[in-house]
Amino acid sequence: MESALTARDRVGVQDFVLLENHNSEAAFIENLRRRFKENLIYTYIGSVLVSVNPYKELEIYSKPQMERYRGVSFYEISPHIYAVSDNTYRAMRTERKDQCILISGESGAGKTETSKKILLYYAVTCPTNDRMAALGDRLLQSNPVLEAFGNAKTLRNDNSSRFGKYMDVQFDFRGAPVGGHILNYLLEKSRVVHQNHGERNFHIFYQLLDGGDEDLLNTLDLERNPQNYHYLVKGNCPRVSSISDKNNWKVVMKGLSVIGFTEEEKLLNIIAGVLHLGNTQLGEGEEGETYITTETTITNLGKLLGVDDSALREALTHKKLTAKGEEMVSPLNFEQAMSARDALAKAVYGRTFTWLVEKINQSLALKVQYVCTLCMYAFHLVALYISSSSFEQFCINYCNEKLQQLFIELTLRSEQEEYETEGIAWETVQYFDNKIICDLIEEKHKGIISILDEECLRPGETCDVSFLEKLEDTLGGHPHFVTHKLANGKTRRVMSREEFRLLHYAGEVNYNVNGFLEKNNDLLSRNLKEVMCQSDNQILKSFFVFPPSILMSKEPSYVRCIKPNDAKQSGRFDEVLVRHQVKYLGLMENLRVRRAGFAYRRRFEAFLQRYKPLCPETWPNWHGRLVDGVSTLVNHLGYKPEEYKLGRSKIFIRFPKTLFTTEDALEAKKPEIVIVIQSGWRGMKARRRAKRRRQAADLIRRCFVAVCFHIYILRLRFASIVISLLGILSFLLIRFIKGFIYRHEEYCPENEYFLDHVRYSFLKNLRQNLPKSVLDKSWPTPPPSLVEASEHLRMLNMRNMVMVFCRRVQPEWKNFKKKKDDYPSHIYFLRRGISLSSHSDGMFVLHMPIGDSKQKGDVVLQCNNVIEMVTKLAMMADKYDIRFAVARAKEGIIDFVRGSEMKVAKGKRGHLLVVSQWLF
């Protein structure tokens with residue numbers, strides 16, 4: 001909370017307890033308005049959270065936001081529903097007590113969305129595994145199912161909850177959600193048969209008609225147009241722009257699947273049966289008897305509900321009475337039959353909803369094998385709605401009175417306990433105690449509820465007017481009860497004769513008694529119950545078989561939801577509407593109770609940590625006891641004794657002005673603090689940097705010494721290896737030199753190493769330079785000691801090449817054996833000559849004889865060894881000289897001569913002489 005104190009002028013205070021003028025309703029609403037305009041929809045009243053519906057999506061519910069509030073102290077950061085959720089969760093785990101969150105407010109104030117945010121927070125932040133994740137998914141998916149069957153469009157809210165919901169979320173000893181339970185109450189069953197203009201029936205009817213496929217509708221004998229059904233046309237509002245019934249139908253079917261629902265068909269039969277029941281038309285005979293005019297509808301209804309249509313027809317038009325042990329059947333008149341039909345529709349739908357909630361509870365319940373091994377704690381969510389009908393409004397306002405009584409009682413008790421714990425004297429708080437109103441409603445034999453029950457049970461003809469007369473006789477002198485008969489002249493002008501007025505804590509409310517007895521009875525005729533019990537639809541059959549205080553046992557947290565305007569527009573703040581809600585929610589009463597003592601309280605360590613810069617003795621650190629440090633600080637700040645009290649672990653400040661003065665002093669001190677912190681920070685960074693440099697230098701020195709030592713060791717090892725190798729090499733060199741000196745001697749110890757080396761070198765060279773063919777006469781020159789061996793090797797190599805060649809000879813080649821004498825002794829086509837290219841491209845031309853019919857012309861060839869090729873061709877043609885053309889039409893000649901020494905020189909007559917040991 002302290003983080004927002006400096007912004008209080010712009011966005012107001014985030015805790016109403018800190019309002020300077022806390023008794024002013026105008027100041028309260030202005031603070032709400034300021035925060036609402038800044039999209040700050042949450043504000044505290046102590047530990048109570050006030051939420052204003054923004055009517056738009058805000059970026060404050062993401063997973064990072066959940067982590068921001070997880071495990072954080074309640075007042076450390078700005079108000080949020082996640083802060084309340086986390087605080088109650090941690091209180092449950094640390095104190096081992098059941099907790100509850102009570103969510104209240106007007107229809108459209110955002111109670112349903114608030115409960116969704118709480119469930120989502122627990123699903124995301126609590127420890128989980130696959131089984132628990134599935135449970136969390138079922139818990140979240142139960143919401144759209146309950147909304148489909150329990151929510152409807154009203155004039156003030158397109159998705160208004162028409163029932164109260166009490167939800168338990170069960171946790172194990174590790175804090176993981178492992179189960180849940182939902183308790184529903186005050187379902188507005190009358191909406192099934194009647195809706196005000198501009199309102200709709202429950203969502204599920206429209207979702208079924210708009211989202212169900214053709215096969216399903218044909219099976220249920222339904223049509224898509226909701227205008228064709230009597231129970232859906234009363235409000236004249238079949239479509240709503242903000243609601244997509246088709247998409248919501250898919251969401252509901254998915255939710256039923258996730259929950260594990262396997263009886264959708266039977267459930268939808270009942271929903272369709274309610275629609276057909278509304279279309280059942282009745283007629284009145286001449287003698288006043290009632291009969292069914294739509295036989296087809298009755299047939300379809302019997303098929304869907306699994307009952308005999310003749311028995312159903314009889315039950316809708318007759319009633320069964322028991323007198324002196326005998327049963328009698330009496331016909332119903334037209335109005336009684338219509339009431340019986342509508343009563344059956346309300347009973348079937350109401351009990352269907354109760355059964356559906358029970359099925360959801362079964363899917364959320366713990367399995368048997370975990371009951372004995374898990375230590376369970378419960379967490380509770382309660383959501384209320386505000387209706388506008390007579391009897392229903394009376395019940396809900398009574399519930400609100402009880403909750404307000406509980407709220408004030410628990411708030412005062414919490415305040416007293418905190419004061420007692422801290423050793424602070426408790427001061428009496430003046431507030432309005434609504435116990436007198438609760439007693440007016442619930443007191444035995446004298447309360448409104450007791451009188452209503454008596455009238456319902458009284459034999460003979462009773463009516464709503466006689467009930468009102470009984471109220472006037474019994475409660476005529478009560479200061480909070482007024483009727484038309486008991487009122488003064490001014491009040492009578494605004495009250496009808498069928499109304500009575502109660503002065504609730506939130507203001508005056510008029511109630512019309514019409515329908516009180518009927519709705520309180522909510523009875524079905526005996527024969528209608530018997531027909532339903534004979535149904536072969538097990539769901540429907542179970543409805544009609546005969547099958548304290550919860551909140552006081554829990555530690556409560558409160559969320560008060562406020563609707564900013566009736567138009568559901570974002571950014572619009574209707575001050576009159578908000579003032580009305582602030583009044584009936586009792587927020588000003590709560591604020592007065594919270595401010596009756598001290599406006600601000602914090603633990604010593606938190607207070608000292610924030611404001612210690614304001615006192616030289618506590619800045620920068622206080623090393624003594626916390627209470628002494630806080631006492632020193634407030635004395636330095638000049639707090640007067642009446643402005644504060646020191647408890648055992650907390651400081652209590654009475655006036656917000658004292659806190660704001662301290663906060664302003666802190667703001668003024670911050671520049672100095674910043675300079676001190678900056679200098680200290682820079683000095684610390686410089687010291688750390690110098691320390692890191694010293695450490696780095698020391699590390700570099702040690703690493704350098706280690707590397708140098710390592711290099712020295714390596715050099716020593718290398719030197720020892722070199723010395724060893726030099727000794728070996730010197731020994732080998734001496735032997736080699738001796739061998740060279742005695743190389744011409746016989747093989748002896750002095751030259752054996754040298755001769756072995758010479759032999760090895762020659763053989764290695766010979767292996768790499770062996771002749772490639774028998775025509776190749778080249779052979780490596782052997783050393784003197786291997787001349788004889790070399791000749792033997794040459795002969796063996798020649799024999800080997802000949803043998804290899806012979807093995808490769810194919811049988812066809814033998815046909816040419818001894819045919820060489822038949823070959824011409826020269827190559828006839830070389831008589832003309834050869835032309836060579838002047839470029840290094842390896843091209844040459846063989847010139848064919850002119851007039852030779854066997855040849856088709858000169859032959860152009862390419863060869864990588866052109867010179868050798870031409871020389872070879874010349875030798876094959878028995879030409880030991882080659883003629884070639886040179887410049888100026890001159891001719892040159894190359895002569896080839898066999899000799900022992902190869903050379904090329906200029907011969908006689910200007911010829912080029914080539915001498916070779918081998919000729920081609």
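The backbone N, Cα and C atoms fix where each Cβ goes, and this holds for glycine too.
Note that TrEMBL annotation is computational and uncurated.
In TrEMBL this protein carries:
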type	residues	note
DOMAIN	12-667	domain 'Myosin motor'
BINDING	Gly105, Glu106, Ser107, Gly108, Ala109, Gly110, Lys111, Thr112	ATP binding site
TRANSMEM	719-737	transmembrane segment
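Feature annotations (TrEMBL) mapped to structure.
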{"residue": "Gly105", "record": "ATP binding site", "Cβ within 10 Å": "25"}
{"residue": "Glu106", "record": "ATP binding site", "Cβ within 10 Å": "23"}
{"residue": "Ser107", "record": "ATP binding site", "Cβ within 10 Å": "21"}
{"residue": "Gly108", "record": "ATP binding site", "Cβ within 10 Å": "24"}
{"residue": "Ala109", "record": "ATP binding site", "Cβ within 10 Å": "25"}
{"residue": "Gly110", "record": "ATP binding site", "Cβ within 10 Å": "25"}
{"residue": "Lys111", "record": "ATP binding site", "Cβ within 10 Å": "28"}
{"residue": "Thr112", "record": "ATP binding site", "Cβ within 10 Å": "24"}
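Under DSSP, Thr112 (ATP binding site) is assigned to a helix (H, G or I) in the three-state scheme. Look at Ser107 (ATP binding site): DSSP puts it in coil.
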